[in-house]
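A.B. asks: Structure incoming, see below.
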């Protein structure tokens, strides 16, 4: 007998509505120092629209039996990959149930601050950048990724097809965000490892990650078939006796944060106990850079003690790799609880970003706010404790991080290490921006200044060694040679001139250190976003897992040993959209 759990969103999502509005207000407060005029009005219009859309959404139908004909697409995670998948699934006519473990949507995507890559976009052409192409972007990605990507099919993964998809669909991803999601991205900057400027961001006061996530959420809540559940932890997958994924079981916290005893389906949903939902699954739950004591310690113990831009949480990979299940024998419609034996690839490839801010009020905090790469892309420079430049600031992230970590640690860190107590491991490097770079990054700097992570100083008040380094760099920029002593060829919006005439000018300076930022490894997948596992015994060919797709940082094999800045948001859009369309087709 078909069982349908018809849930009135107006009642079911009352708590969620209050929580979401509170989240949006909190987000507004976080950005209140950088939202002015039209930006503030736009934010409040978004807030009002979101509230109105949620409380007037009609009935959602959730499949609570594996035999039901009407099944939603189940999306695990609400970062950009999940939101892009949801949008495409909804456009294809499917219902979507999105499950987010955190108390608010957005994941790490909402914190992204440098932008999103696109090669051959109309925004590049409008900025006079006419020499970019998908082929050049693909070449930059392969070069950045190192030997793993150059081997093309190491471990049975068709890496070349993944990179091809990323680069080929990068321009359409930017145009989709602009034309369908109404997120304008007209500002284009150069980041490390890119041959040309191709990283897009908005011209307004809201950082690109927050702008994109908010724009998508605003679109999604208008669909009658969309349901978002926060504080909903996926505990297990439903897997039939053929190894096909049929759905998930999730646990939703009650109001007091505790799980309540089980009851009838509707009562369980309202109380937040264990809930089963059936349909094709898109996994977009993020990486393991915050799993310091788990997966990170297992695959990269050498990174122990480094601070991170990620909040502490276990990696979700075990849900997909565990192969234990119990099923009812002989029935293809039976459902057990299991992982699916997904293949893990490149798990030792962890990106250490060169610049996380050291908060002077809490210097030893293991959590750091990222100093966006676009700060260097727009002209910023890095200085050693002795006040000297020591690297091309627009080299690949791994190269810049290695250069910083080759510097001697601060004296107090050396003393702590001798005493067997050095946590976190960090360095004393200065990030300095001139007035031109400050103007180009004003929205970001307003936030950093508000948080006390940077300060403004006149050039005359800097240490003599720093003044000398600034003058030397300014001379390289002014010369027009396009190549300084460290091989830097682009200087962003730097306009400070060398010499005594600059001494009354203001610069912005803050302390930065390398941070664990992103994991390139994860579950193997293909260019249709299908999760892959080994067929038969160990060493068999990689084959798709029926009913399961993935996108974003949960996946591995695309970036090799080093990800280019701006490609994280891009892969979320490109492969998230693919996963949503594929899963929607499977749900029919």
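Every residue gets a Cβ built from N, Cα and C, even glycine.
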A.B. asks: Which range, 136-169, 170-203, 204-237, 306-339, does TrEMBL list as region 'Disordered'?
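C.D. replies: That would be 306-339, the stretch labelled region 'Disordered' in TrEMBL.
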A.B. asks: Please identify the range among 252-272, 273-293, 357-377 that TrEMBL labels region 'Disordered'.
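C.D. replies: Result: 252-272 is the stretch TrEMBL calls region 'Disordered'.
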A.B. asks: Looking only at the domain 'FAD-dependent oxidoreductase 2 FAD-binding' (73-569), what is the model's average confidence as pLDDT?
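C.D. replies: Summing pLDDT over the domain 'FAD-dependent oxidoreductase 2 FAD-binding' (73-569) and dividing by its length gives 90.
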